[in-house]
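First up is the structure itself, then whatever we jot down about it.
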Amino acid sequence: MKCLCFVVLLAILIAQNSSDLGVKSASSDGFVSRKGVQFILNGKPFYANGFNAYWLAYEATDSTTRFKITYVFQNATIHDLTIVRTWGFRDGGYRALQIAPGVYDEKTFQGLDFAIAEAKRLGIKMIITFVNNYSDFGGRKQYVDWAKNTGQNVSSDDDFYTNPLVKQYYKNHVKTMVNRVNTFTKVEYKDEPTIMGWELMNEPQCRADPSGKTLTAWMNEMALYVKSVDSKHLLSTGLEGFYGDSSPQRKTSLNPVAANVLGTDFIANHKLDAIDFASIHSYPDLWFPNLDEKSRLNLLRKWLECHLEDAQNILKKPLILGEFGKPTNTPGYTQAQRDAVFNATFDTIYESAEKGGPAAGALFWHVISDGMNNFKDPLSIVLSENSTTVNIITEESRKLGLIRGKGKLSKTKI
């Protein structure tokens, strides 16, 4: 307990120093760009291991809890994790970023500023998502409700994709985000190389049009708009990766049946010119709960391999596995099962990366700090616990580091 208190105190002091003295980048890293199926950083192929931490801006809104961001980022660097994916939204509700259309809470925005500044200081790249598909933290539903309150004829969350006013709300949010001047670094978000890229939405879906045409049209319009206001950053969709009508065989063999009505199309959505890299997620335990563990592992490998094959041959773009994990509340769960999921995932990513393929990295869901019980769920991981899973994560980071010319490959398992 004394040791933990010391670590927390140290993190607080570091956070205060970052705020008081200004923030300097931990390295001279520039913007991540794309060349064919590879990401490029400072003239070299960029591969990275990473994690999700959706809560960064929320916790950093309160200056007394900002040490949690510092502590998690410091632990991430110990394990050679170099990308974090987080939310660039909180629409309405407690600690909202966007209180009403175009109206922002400065304190919450400064929380996101701090998270970006700390990532910059510690050499971590960020992928930031503009809005949520789900009603958690506002999402599409909140945008539609805002429009409805003005008298717009909207009745479904899927009106988000077609109503002109709602679409303008989204564009306004994008414009506000990219033009934000970070209060710590004094750099506009659109000029900040710490931000690796943006995502249009977290897990976009449109049940009103299972053909996928509505969602593809919306993505095309919004992707072009994002590029018109920020030409420096990469952009992806935030998709789970379910196949659509453009890939009928993949749709039949890989999608869970429930996904066929979600209106997404992995190929069509990512073939858009303004989309720079492919996004997929992987949760076989949630998608196929009735299968046994071995069958789910086989499906996991096939899911990744098929998407990587399509990224290479059809999309000709890099791919990031934006979310994956093993829920601890899965019936019969064991630590060995979670380790097997992480090993299978990382092995597939590494095999592609080693050959110069499109796999750029995997971001597990999700990291929390000690004592963050309000964010704990069946998928959360505390890096400081040094579990066997964390050891597997570290090994993958070091292997990818060897490919990009950093670090050394361990001769033995950690």
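Just so it is clear, glycine is given a Cβ too, placed from its N, Cα and C backbone atoms.
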Further substrate ligand in Swiss-Prot, beside N202, Y283, W365, within candidate set W87, W146: W87
Tertiary neighbours of N343 (N-linked glycosylation site) (same chain, Cβ under 8 Å, six or more apart): I392
Chain-internal residues, separated by at least six, CB under 8 A from N202 (substrate binding site): W87, T129, V131, N132, N133, Y134, G238
Collapsed DSSP category at W87 (substrate binding site): strand
Where the record names W87, N202, Y283, W365 as binding substrate, the maximum Cα to Cα distance in Å: 20
Using Cα positions only, nearest of the recorded positions to E203 (active site, proton donor) (N153, Y283, E323): E323
Among N75, N133, N153, N386, the most crowded of the glycosylation sites [Cβ within 10 Å]: N133
Nearest recorded site to N75 (N-linked glycosylation site) by CA-CA distance, among recorded positions Y283, E323, W365: W365
